[in-house]
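Participant: One structure coming up, written as structure tokens, with questions to follow.
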Amino acid sequence: MLKVIFLGTGGSVPSPCRGMPSLMVVREGERMLFDCGEGTQRQMMCCRSGFMDVGSIFLTHFHADHTLGIPGLIQTMGFQGRTEPLHIYGPKFVREYCDILNSLGYLKPAFDVVAHELRHGDVVERNGYKVEAFRTFHSVPGLGYALMEDARLGRFDRQRALELGVPEGPLFGRLHRGEDVEVKGSIIKSSDVVGEPRPGRRIVYTGDTAPSQAFLPVLKGADLWISEATFADEASDKAAETLHSSSGDVARLAATAGVQRLILTHISSRYSEDITPLLEDARKYFPGVVVAEDFMEVDVPLRE
């Protein structure tokens with residue numbers, strides 16, 4: 001199971017219907033946060049996503065709207081008796097940021113808060129997947145993240161295996177795992193009954209950034225791109241000035257990259273009452289685009 005929970009979908013300032021930027025990725029029971037704006041822990045409680053077993057927070061940059069939820073989350077984790085380390089990943093100055101966190105409000109948690117500074121191209125290896133950091137283009141140092149699953153085994157052709165004389169049972173599993181086996185004096189190759197490896201799923205989150213062709217290699221064929229779209233195209237000059245993105249620019253890039261799904265977040269409060277301009281601009285290039293809402297959950301299915 002691979003799922004994204006949008007905890008906060010607003011940009012810069014909260015609104016009655018949108019919290020500050022944060023999303024949770026749940027993979028096979030493992031939970032991780034990407035950004036943690038003010039009020040994130042309350043959003044987690046409201047949607048019952050759980051937070052005690054969040055092991056990692058990946059920060060795109062250190063603007064307050066993406067980080068102010070961390071001190072309260074750490075304090076609540078401490079109140080609830082957490083002992084496992086919390087790992088915080090981010091761009092340059094993440095260690096200094098975590099030092100400041102540990103000095104705020106006399107937190108002194110009973111668990112370690114471990115900082116990991118990442119640069120463009122750095123990879124965090126995990127069991128069955130990895131998270132790759134890449135440079136973004138905002139007014140402060142920033143990173144985007146691509147969560148990429150390992151390739152899955154190819155499809156096992158049961159009928160072909162039986163035709164080759166392989167009896168049902170443990171030999172099926174060995175063949176599927178890539179082993180050749182001997183049956184009645186004949187060697188049956190795994191490649192005879194197992195197809196090509198199937199690619200794992202990929203989610204890309206770019207955080208606050210101006211759009212860039214530099215994202216194309218990591219976006220190409222992604223199952224899901226979660227992109228900011230602070231402005232509609234009518235405010236593209238404002239987007240360029242502040243190094244943010246307009247919905248049309250994002251959608252055009254998504255279409256070029258061939259991403260499977262595009263979800264827009266970090267929505268300016270100017271669109272609190274009506275997101276139609278964002279959707280209209282984006283649908284010119286990517287008809288299936290979606291604007292995220294707080295507490296929206298999105299499943300990312302396995303690839304065929």
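Every residue gets a Cβ built from N, Cα and C, even glycine.
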Participant: Quick check: of D192, D208, D223, D233, which does TrEMBL put in the same Zn(2+) 1 site as H61, H63, H138?
Facilitator: D208
Participant: Using the recorded Zn(2+) 2 site (D65, H66, D208, H266) as reference, state which further residues of the same chain have their Cβ within 8 Å of the centre of those residues' Cβ atoms, listed in sequence order.
Facilitator: G11, S12, M20, P21, D35, G37, T60, H61, H63, G207, E228
Participant: Counting other CB atoms within 10 A of each CB, which of the recorded positions D65, D208 comes out lowest?
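Facilitator: Checked D65, D208; of these recorded positions, fewest Cβ neighbours within 10 Å: D65.
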Participant: Looking at the domain 'Metallo-beta-lactamase' (19-208) alone, can you tell me the average pLDDT?
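Facilitator: Taking every residue in the domain 'Metallo-beta-lactamase' (19-208) and averaging pLDDT yields 93.
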Participant: Which of the three DSSP states, helix, strand or coil, fits H63 (Zn(2+) 1 binding site)?
Facilitator: coil
Participant: Which chain neighbours of the Zn(2+) 1 site, leaving out H61, H63, H138, D208, have a Cβ atom within 8 Å of the mean position of the site's Cβ atoms?
Facilitator: T60, F62, H66, T136, S139, V140, G142, G207, T209
